[in-house]
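Peer 1: Below is a structure I'd like to ask you about.
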């Protein structure tokens, strides 16, 4: 079976990850002790993708949990599904990374990384045919960003032909936890551009807006935000876990979404948006789902797709529905909004249909888009980075851990290159004259 190994790192990653497992367990009918109590044989058909079946009939998540301090792990362990994980798969240090990327990547994290890799190896050997890894982390702190990217590069070295998918929470423009977020995020993006295959970009501010505007929650908690993220994660991976009429795996997803290797940062969205605890009474139709899913307000990162163009997009519908209707709706969206899609990639929207809806819903859909407007996120982080780096503010925390200023400069220019690549393809046209291409060749020579 095509297994996926899940890794969560740092406080944010562990909290999102714990929520994700609650959702996936519920969908597969697995209770908090790992026993199956579901009523549908489809729940078990591909349960091996995320679970290992132990000899006693219990299902154990293929998950590795890591952090540089024990706090978050303890709360995962004492949480609703804390007892389902393999105890050996909790790997943690005592010192913490103090929101410092260098501590996570070079000093504290580097000391712990081997024990994490041992667990990863053990889990990978347990797989029949591992298709890839998914990593949950944030880019603003120290552990998820620094140690997370260190682990990704080590895994890349050891398993070069396996897919690497990340769910990365970017620092938000208005909601900031720490002042050095732009440093940590830029250094992380520098790594993710090179070592990850697909990055789902999330961001707390966009999630706050969804909770506030759409779900009408006056004071959204992290629990509410994580509820949205886990719904999306479950949607992104549903066609890997359940049989469906049009299925995909991590590699097919990448092939359909990534026209150029560096441009692998995706926006995600989910429909119908429901808050925790509320159930929807009215079943949505496929056209309504499609409309809500493409809505800019539904995107879980602070970039507006209307400011750019879609290179590619992929939609995953869940529930009993006709594939014909899904295809018609998707074509309809493309025809109505043709200016928002690049014309030099024909048929750039793919859809998959999976028969099993999420718990409590009749139908749902998840959206993954590769839009050039994601450059807004990178631009914003880059501006904040430059403002501080120009004055060398807070730099001693990083150089004190053995980092060099050169690394900051490289990360900054890599991020700026990424932004200009997105811009270049946003402006590109499908002219037949060939003039376009000559220009691009010149650009290539200069670089």
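Glycine too: its Cβ is placed from the backbone N, Cα and C atoms.
For 11, 69, 138, 142, 143, 144, 204, 226, the entry in Swiss-Prot reads GTP binding site. According to Swiss-Prot, the Mg(2+) binding site annotation covers 69, on the basis of similarity to another entry.
Tell me what's around each of these sites.
Peer 2: Taken residue by residue with DSSP, residue 204 (GTP binding site) is part of a helix.
The secondary structure of residue 69 (GTP binding site), as reduced to three states from DSSP, is coil rather than helix or strand. Sequence-distant contacts of residue 69 (GTP binding site), defined by Cβ-Cβ distance under 8 angstroms and a gap of at least six in the same chain, are 92, 93, 94, 95, 96, 97, 143.
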Peer 1: What count of other C-beta atoms do you get within 10 angstroms of the C-beta of residue 204 (GTP binding site), across all chains shown?
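Peer 2: Result for residue 204 (GTP binding site): 26 other Cβ atoms within 10 Å.
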Peer 1: Of 11, 143, 226, which of the binding-site residues has the most Cβ neighbours inside 10 Å?
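Peer 2: Of the binding-site residues 11, 143, 226, the most buried by Cβ count within 10 Å is 143.
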Peer 1: So how far apart do the GTP binders 11, 69, 138, 142, 143, 144, 204, 226 get, largest Cα to Cα in Å?
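Peer 2: So the binding residues stretch over 23 Å, Cα to Cα.
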Peer 1: What residues, ordered by sequence, lie under 8 A Cβ-to-Cβ from residue 142 (GTP binding site) and sit at least six positions away in the same chain?
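Peer 2: In sequence order, the residues whose Cβ lies under 8 Å from that of residue 142 (GTP binding site) (at least 6 apart) are 10, 68, 96, 97, 98, 99, 100, 101, 103, 104, 184.
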